[in-house]
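Asks: Here it is, the structure, as structure tokens.
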Amino acid sequence: MSQGVPAPLARHAMAYVLAGGRGSRLMELTDRRAKPAVYFGGKSRIIDFALSNALNSGIRRIAVATQYKAHSLIRHLQRGWNFFRPERNESFDILPASQRVSDDMWYRGTADAVYQNIDIIESYDPKFIVLLAGDHVYKMDYEKMLQQHVEQGADVTVGCLEVARSEASAFGVMDVDAKDVIRSFLEKPADPPAMPGKPDKSLVSMGIYVFDTKFLIEELHRDAANPDSSHDFGKDIIPYIVKHGKAVAHHFDKSCRRSHAEDTSYWRDVGTVDAYWAANIDLTDIVPQLDLYDREWPIWTYGEITPPAKFVHDKDGRRGEAVSSLVSGGCIISGASLRHTLLFTGVRAHSYTHIEGAVILPYADIGRSCRLTNVVVDAEVRIPDGLVVGEDPELDAKRFRRSENGTCLITQPMIDRLGT
């Protein structure tokens, strides 16, 4: 380190990732897994983005709190995030809800998911806690947020971004002054307030918070003792600090990581089937808004050992081909054609099948002579020969989960019911 250059604050921080939510708006896609464990981008899980941001920012102490159907998530974390070494002052802890405070008490809210593990946090003695939601897709340098937190002497610093006012009721909405001190904070209001001078925009919380550890622990004890609290950061902790302390907003534009191919700040909630489908399909664009090829800010994940993707057959109507598509390792495209499609590991697509605008999760098998358009196919689903989806909205809605925008979610139980 050169003389006069301060050491990164991330060295003294611990990232605490909240990854216990179901994500019920993803419908059957989260029947078997928590939302942070949902697949994204061909190889990754959604949680890999928050974890990779922490790692790339220089944070070497990470904890992940899990609750809802956590097996898939825990297995992924054990396989893909097992490279932290205590001898280098690194740690990676998985913290399932385990009735640590009371025999009849699981995590009661996001704040309680931290409160029940205060002893683990204290054992590492970090100076700062970077509290993260494990279910968003974005690239962000948390070091810059830590710097603002210290420079402004905040009790809490809240990551924020502008969204359309029509969408803001799904988030915590804030109002800030000229120095970005938060003057009001409303969690998921029915009528979100607009930003000054921007009647169609609202400033919303990203679910990312920076605290001094000592202050956070004091607030968690205070909140835990309040019988009227729902023990949630957005509903209880943050509004209290806004009224009684100093809460500062950190604008995502200041710390968003962009490669040379990215010209906008990319952040997605992917909380609905339509949003999930669109965010994955966007990656098939010639220049996608999210650059997964950025070697300076890699998205770390578990890399399953697979052979290369394989394309076979070269006859008219039976040509193994893919255009504007992402095809992961272990896939075999046997006489099928793909357009604007994303295949995860180990997918097989058989002869005379045409697939367009599809997100197909690992080890699904697509039969012969199928036509699939605008679909999400869950992992390990077996699509029977000749199935047509995406051409008859009424029939699709009877057989599968069809979204408002016409995306069809296909799971194995839905396929099994076709024969009954």
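In case you wondered, yes, glycine gets a Cβ from its N, Cα and C as well.
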Asks: Could you look at GLY172, GLY197 and say which one Swiss-Prot places alongside TYR107, GLU187, LYS188, SER205 in the alpha-D-glucose 1-phosphate site?
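Replies: When Swiss-Prot describes the alpha-D-glucose 1-phosphate site, the candidate it includes is GLY172.
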Asks: If one looks at the chain holding TYR107 (alpha-D-glucose 1-phosphate binding site), which residues at least 6 apart in sequence have a CB under 8 angstroms from its CB?
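Replies: The list for TYR107 (alpha-D-glucose 1-phosphate binding site) reads GLY20, ALA65, GLN67, ALA97, ALA113, GLN116, given in order along the sequence.
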Asks: Fewest other C-beta atoms within 10 angstroms of its own C-beta: which of the binding-site residues GLY172, GLU187, SER205 fits that?
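Replies: Taking GLY172, GLU187, SER205 as the binding-site residues, the minimal 10 Å Cβ count falls on GLU187.
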Asks: Which of the three DSSP-derived classes (helix, strand, coil) applies to SER205 (alpha-D-glucose 1-phosphate binding site)?
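Replies: Going by the DSSP assignment, SER205 (alpha-D-glucose 1-phosphate binding site) falls within a strand, counted as strand.
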Asks: Using a 10 Å cut-off, grab the number of neighbouring Cβ atoms around the Cβ of LYS188 (alpha-D-glucose 1-phosphate binding site), all chains included.
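Replies: Within a 10 Å radius of the Cβ of LYS188 (alpha-D-glucose 1-phosphate binding site) lie 14 other Cβ atoms.
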